[in-house]
Every structure is written in structure tokens, then in C-alpha cells.
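Structure first, commentary second.
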Amino acid sequence: MAVTNGDVGIEMTRKRSKGSESNTVNDTIERPNWSNGLEFLMSCISMSVGLGNVWRFPFTAYENGGGAFLIPYIIVLFLIGKPMYYLEMILGQFSSKGSVKIWSVCPSFLGVGYGQALATICIITYYSSLLALTLYYLAVSCQSVLPWTHCRPEWGSYCVDSNPIGRVRDVTTLNSTIQLQSSSEMYFLKEVIKEKEDIYDGLGEPGWKLTISLFVSWVVIFLVIMRGVKSSGKAAYFLALFPYVILFALLVRAVTLEGAVNGIMFFLEPNWSELLNPKVWKEAVVQCFFSLAVGFGPIVMFSSYNRFDHCIYRDAMIVTSLDTLTSLLAGISIFGILGNLAHNLQITDIKDVVKSGTGLAFISYPDAIAKFRAVPQMFAVLFFFMLFVLGVGSIVALHCTIVTVICDQFKSLRYWKVALLTSICGFLASIIYVTPGGQWILNLVDYYGGTYVIFGLAILETVGISWIYGINSFCDDVKFMTKREVSLYWRACWAVLTPISMIIIFVYSLSTIKPLTYSGKLYPNSANVSGWILFAIGMSQFPLWAMWYIWLHWNEGLWKSIKSSVKASPKWGPSNALDRKEWIAFKAKCLEQRSERSSNSKLSQFRQKVQNFFRSS
């Protein structure tokens, strides 16, 4: 087979990139690498497969019609989730930079990286409070009798034991207009979080037990990340694999419970009319972002520690597919348990079983564990330890993203010192979520500081790469690094399908937004104002940093300065000097080939651009 000069250059680059890291010439930063590719894959799995699958996915499906939610979720996965996951992996590995520094590809979009970092901080603070809850349950699971198995007199007469063995409450004579509640739900609301009916008079004081659990959670987080990828990579094997052992055991138990079939059928049977509800599609996008950690920065951060020739295409397909399968596994398990809960509480509609969203994992799962006849304490310990492991895997990735952003900006700082300082700040900020009104604030911050901010910035991210930097330029970079042509599927998603579909859903969701509620109750006006301020701070990062960059690089008038600000800076490209030299030559050759096609073609300018879209070189 004939080999062109360009192919020879690419092959030479491949051989160089497989060499030792000591061959790097004139690197501006000596960036550590994963010990091996498997550590990177395990880290991505532990990041993406987390509480978002076990806690958030079943609840989101629960709130959006059960099975009807699966169809838009899978469609969104292929149109938005997979393309964005692969795109962020490429950006990190190609540039060896974090989620802020990658915007040397389009400097005026620097604010996208900072806005994502702000949203990530919001997620980290409340995510750690969920870890505190899992530790609390882990501790109380060591008692001789699980504390949520039986009702207590102070909980009233409408409580039903989660463990039907032994004392049985007669519920047939109770007023049918009053909804029954399981002892697992009452324990969570009354004993664990001591939830307030409203927050008009404040949030209350943090509980000392949950505060201690929160502190221990942050100590564990710091110990995992203190040495960067050297420590988090080793922990990733356990963080990624152990949860599946418990998940499969839980699935077996869930499907054997009485009434489980009704819950599973509710989950799997789609209501086709819900497909016309834009809210369901919006929730599918949000769930996809949250579950895969797309738009938050950890994917870029993790892949930035890869060697330049690592096969990220394979890893991206493995992680995104495994994440979806895990969500389905968790969904079947949780809805089987919900079906059993509905059976025990004599409720015909599965949607009426529980009210508290965050508590879904801390109500229905413990309720199922309470029904274990043999050593339920052992399984409770294993289950909540699994939840803790899942949570640690995700929050470690998010926290490492923030630490990497700071260390990339201030190169003289020691990684462990930044990790320690941010862990202390994270603990202090998270205390608000272990107050009696903490779940109200969690819902508020997630809605305004996480959901909509990430959604909007993700749109800017795809527009900046595909429309400003250019889809052809980006695909040239991908081809140079991966040594494979970019298929039409990826080009179409990155340039058209992904950004346009997100824009449509985002605009519609903002135009039809309704006052935020928690457990069916409205927030005070001051809380909503605070939420919108948080959203505004996150989204304003883009225009503010763009104006700062334009002002700092003013060049003979406003228009020229704007045009200059959207062009890739000299800092964009491979960090290895040898790879960079080959990349520059490769880019020049691709540009020359497109110019030749244009000059020899008899097509109109528009049709030629369309043709170039289908061909990257």
C-alpha cells in the first residue's frame, strides 16, 4: 500500500508519543500521567457511575412518568451525552490542560471554564452532604435492630413498619384520606435530617451527628486526592468495581419482593404522550449531564493526564454505555422496591409512594433491607458502604477538577496544599446542608447553581468548539491524535445535532419555568431571588471573561479585537514539542488539501462548504 508523506509524519508521531515521558522537549509544565490506561478507565467509571445512577436517575424517572423517561433519555444519550463525553475527552488529552486552560482554543470563551468550575463547586458542596447521610446510615446499621424497621409512638398512628415480621399494625381501620408512611421514611424525615415543614423562619442548627459524618467524608476525600492521579488512580479500581457486587445482589432481592412486578412495569412501560412533554426532554438532558459528569470539567481533567496516543475512543464508548446500563440496573431495583412499598402501604399508584426526592435512596432502599430475614445488618452495612464508595468516586473527580484549575493557574502551589485548603472550604460550605432545612437548600442549589448553569454553559462549549474554532479544524486535531477518520456521526452531532437540540430544549425550559417547589411546597421569595443570583453569577462568567480578554488584547478597534479573541492562541495544541511540530505540519497539509479541492471544484461556495463538512481532509 502506498504511503504518503503525511502518513509517514503521522506514523513518526505515533512512535514518538509511545516513548518515555522523558522524551518530552521544552514542555512548559511537567504534567504527571496515569500509571496505565486502566487506571484512567477505572477513574472515569468511578466518576460517571455514582449516586447519579442510584439516587438521581430512578428519582428523575419516577418524577417523569417512569418508562416514558427511558426513551428520551436514550435518545439524548446518543445525540448529546456520548458526543459531549467524547469531545471533552479529546480536549483534555489533546491539550494536556484542565477545563479552564483548554480555552486557549478560543480565548474569549474562557468564562465557560470558570462558570463550569463555579457550578462544580455548587455540586461538590451538596454532594458531600449525601456522603454524610450514607456514613450516618452506615454507623446505625451496626445496631442489633435496624432503627428504621419499626414505627415509634411519637411518629403517630399512620406509620407502617418497614419490617412486617413481629408487631403488625392494623391499617384497615385508618382514615382512607390519610396517606400512610413507612417507618423507613419517618426515620429519615424525623430522626436523621429532622426536616422542617418550611424555611420561612430559617434553616435551623446543623445536627452534630451529621456534622461529624460530613467531616469524616471530607477527610476521606482529601486522603484520596492528596497526591493527585498517583493516589486517586490506585483507589479507582476499588471505587469502580466494588459497587457492582452490591448492586447485583440488591437487584436479586428487589425482584423477589411482593408487589415488585407492579413497580418494575411502571418503570418499563412507556406513556407515549409524555414524549411530547418538553420538560421530560429537559430532564433527560440534565440527567445525562449529571450522570456522565459532562459539562462539569472532570472528564477534561482526567483525560489531560493521559498520554497523547491513548485510545480514548474506546474508553468513551465503554464508560457511556456502562453508565446507562448501571442506571437501568438501579432503576429496575428501585422501582421493584417502590412496588413493594406501594403494596405494603396499600397504595395503588406508584407515584404516591414517597415525596422526598433526595430521600429516595435513604427511604426505599432501607425499607427493602428491613425485610431481609437473615442478618439484615450485614447487608445494610454493605449497601451503605457501596453508596459511600459511589459518592466518593464521583466527588473525588469533581474536587480534583477544582484543584487542577487552581494548580494550572498558580503553578508554584503544591497540589496537596491546594487539596487540603479546598477540602476545608468544602466542609465549611457543606454544613448548611446538614441543617433541618438543608434539603430545601440542596434542591435550590442543584436547580439554579447546577442544572441551568451547566446546561447553558454546555451549549456555549459546543458552539465554541464546533462553530467558532471550526468543526473541520477540530476534526483535524482528532484525526492527528487518534490516527482515525472522524465519522459523519460525530461531525453531525458536534456541529449540528448536539448544540441545536440543546438550544431548543434550554430556551423552551427557561420560557416555561415555574416557581421552584420542594415536596410540593413553594420557596420563600428571598430563596428564589438567591437562586436566580446564583444562576446569574454562573452564566455571567462567559461575557465578563470575554470582555476582560478583549480589553487585555485590544488590537486596533473593537471588531478586530473580537475577531482576534476567538482565534486559537499559540498555547493551543499538543504540549509535547515533537508532537506539536508534527501537528502544525499536519494542519497545514489538511488546509492545503481543502484549498485544492475548493479551487478545482465547480461547486458553489455554499455547496463546497457542505462537501468539506463531510470530509475532514
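Every residue gets a Cβ built from N, Cα and C, even glycine.
Here TrEMBL annotates a disulfide bond for Cys159; of Cys142, Cys151, the partner residue is Cys151. Between the CA atoms of Ser394 (Na(+) 1 binding site) and Val49 (Na(+) 2 binding site) there is a gap of 8 Å, rounded to the nearest whole number. Compute the center of the Cβ atoms of Asn53, Ser291, Leu390, Ser394, which mark the site for Na(+) 1; besides them, the chain residues with Cβ within 8 Å of that center are Ser48, Val49, Gly50, Leu51, Gly52, Val54, Trp55, Arg56, Asp323, Thr326, Gly393.
Segment contact holds for the transmembrane segment (284-305) and the transmembrane segment (447-471), given three or more CB pairs below 8 angstroms at sequence separation of 6 or more.
Listed as Cβ neighbours of the transmembrane segment (61-81) (distance under 8 Å, sequence separation of 6 or more from its ends, same chain) are residues 266-275, 277, 279-281, 283-285, 287-289, 292, 294, 320, 324, 327-328, 331, 334-335, 338, 350-351, 357, 360, 493, 497-498, 501-502. The recorded stretches the transmembrane segment (379-406) and the transmembrane segment (492-511) do not share 3+ CB pairs below 8 A when only pairs 6 or more apart in sequence are counted, and are therefore not in contact. Annotation: Leu390 are the recorded positions among Cys151, Cys159, Leu390 whose CA atoms are within 10 angstroms of the CA of Val49 (Na(+) 2 binding site).
Proximity of distant same-chain residues to the transmembrane segment (237-264), defined by a Cβ-Cβ separation under 8 Å and at least 6 residues beyond the stretch ends, is recorded for 39, 42-43, 45-46, 49, 54, 326, 329-330, 332-344, 350, 365, 368, 371-372, 379, 382-383, 385-386, 389-390, 392-393, 396.
When the alpha carbons of Cys151 (disulfide bond) and Asn53 (Na(+) 1 binding site) are compared, the span between them is 30 angstrom.
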